[in-house]
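Chemist: Per TrEMBL, the feature active site maps to A:H69. For A:Y339, the entry in TrEMBL reads heme binding site. For A:47-369, the entry in TrEMBL reads domain 'Catalase core'. Here TrEMBL flags A:346-369 as region 'Disordered'.
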Amino acid sequence: MKPLWFKAATATNPGLLVRLGAIGAVMLSVTGAFAYTGGWLSPERLTQDRMMAAFRDANGTHVGFRRNHAKGVCVTGWFESSGQAAAISKAAVFKTGHVPVVGRFALAGGTPFQPDAPNTVRSIALRFLPPGGEEWRTGMNNIPVFPVNSARGFYEQLLAFSPDPATGKPDPAKIKAFLAAHPETARALALIKKRQITSGFADSSFNGLNAFRFVDAAGASLPVRWSVVPVQPVAADAAEQPEAGDENYLFDDLIAQIAQHPRQWRLIVTIGQAGDSTDDATQPWPEGRQQIGAGTVTIDQASSEDSGRCTAINYDPLVLPAGIEPSDDPLLSARSAAYARSFTLRAEEKHEKPPSAVTPEQVQVGGKS
Amino acid sequence: MTAQPRFPAASRLLHWLMAPMIIAMLFIGVGMAASVSRHYDLLVSIHRPLGIAILGLCVARIVNRFINPPPDLPDTVPSLQRFAAKASHIALYALILVMPLVGWGMLSAARYPIVLYGPVQLPPILPHDLTLYAWLRDLHSVLAYLLFATFLAHFGAALYHGLIRRDGVFGSMASWKSMQFARTNRALIQNSTQTPEP
């Protein structure tokens, strides 16, 4: 039964239904706007969930592991800053001195048990922990440029190179169509193919690929890209197959080498000039750009992901101290967002995660599985 | 319109300062959790300091509520609606207070730096623990949807008072015409209390 006031209002107020309708319309509009913002009304929009679904399609489900660069080991060490980058960045990490580092070596791809292979892209992630708590996190790969220059490009590449369920191999027609639509990727892949492949992680150079901006104490900013270059001598890849059964030979070698004596990389900051692309990671910067030796990264300890200090860390490329700022490269936001979602998923799955390919026991015996 | 006293000025100021902030937070939050676009970084870097600002204002608002109690609802409001109003206000206060704390806590448990602006950071408030992070991250989403639903109910009820019941409840928070409002109120109070002339 309707309350009295309602009857009275209807009787005296023919506009009541209109006003009720208006309230309903306002409620619906606000809800619709919220749903639209959350991506629920736009199946074509590339969201974090859809990016994660593409990783699942490409690699299968591997609970508890990072959705990309899934196979890795934790390392620790320190960064000895030369003080030379302090002139162009006010970040505390670049003042002359000693900064603890927690890192991770990994292989690109979302499969945590893939056998190590020379051509697989290798990566290093570093977390610099200067006094004062202003952290810097960065990930670098042993390739000269990134294969794509947008989140959409990354997504389409992931799907184009996914194994066909029927054959278990990527469909060449799909790859061809993808490369035709993304000439920047075709150009980048040609550069990536030409790179020098070294014998292992310890003698690989790793490049930050995305541009950032260094900001000095006066507020002046410069476009930069950074790399780490091995101090230890570089040996070409042996070009012979590793011993049968040694599926972790790259990681085993690294663990054995670090156990022997610490391994070092120089942190090189390259300063871009006007006209150098900062928003397109598929484009290399010309040779001969000014470079600064910011210091040396020393890695003296390795541990399995299952016990190491890198596991509960998201190497989000946008965890930056004041003095390092993102460039206009759209991949930075895309990486940050996708890493965050991958981190949340594996945190949720932590209790179900199987042991990593490189276990604490293997690290203990010196890296030989 | 019946004589419905207005909320004290401090309460109205806090309400209207926080309303756009909270609505912006809900939209930024749901947007950034879906986004891989170039806006993601900007959204996250607004979300953190805005959340902490809301936390500070929410504490101020709770203190203010004790100093300046809200006016009672008019007697014409049925008891079930009174209960709904009370419950939804408690839910709003609780969610607005807890959401930033859960956000701060989840970033702490993940050991993300809690950057407000430039070098200004907050310390972690919880231990570094992936499972704790996962739990708080999920809670943050669930509470955000609850807060959105409670906001909708609050907004809908306000419009219902303003457009349907027209009982002065909407104006007690929304009216800016203080002098006119006060005059109307005074006149109404006088009319209702004075005995009719013989």
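The backbone N, Cα and C atoms fix where each Cβ goes, and this holds for glycine too.
How about a rundown of where these features are and what they're close to?
Modeler: If you draw a 10 Å sphere around the CB of A:H69 (active site), it holds 24 other CB atoms from the protein chains shown.
DSSP gives A:Y339 (heme binding site) a helix state.
Only residues 6 or more beyond the boundaries of the region 'Disordered' (A:346-369), in the same chain, are considered here, and those with a CB under 8 A from a CB of the stretch are 63-67, 71-73, 112-113, 246-248, 251-256, 259, 302-307.
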Chemist: Give me the mean pLDDT over the domain 'Catalase core' (A:47-369), rounded to a whole number.
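Modeler: It averages 95.
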Chemist: If one looks at the chain holding A:Y339 (heme binding site), which residues at least 6 apart in sequence have a CB under 8 angstroms from its CB?
Modeler: A:N314, A:Y315, A:D316, A:P317
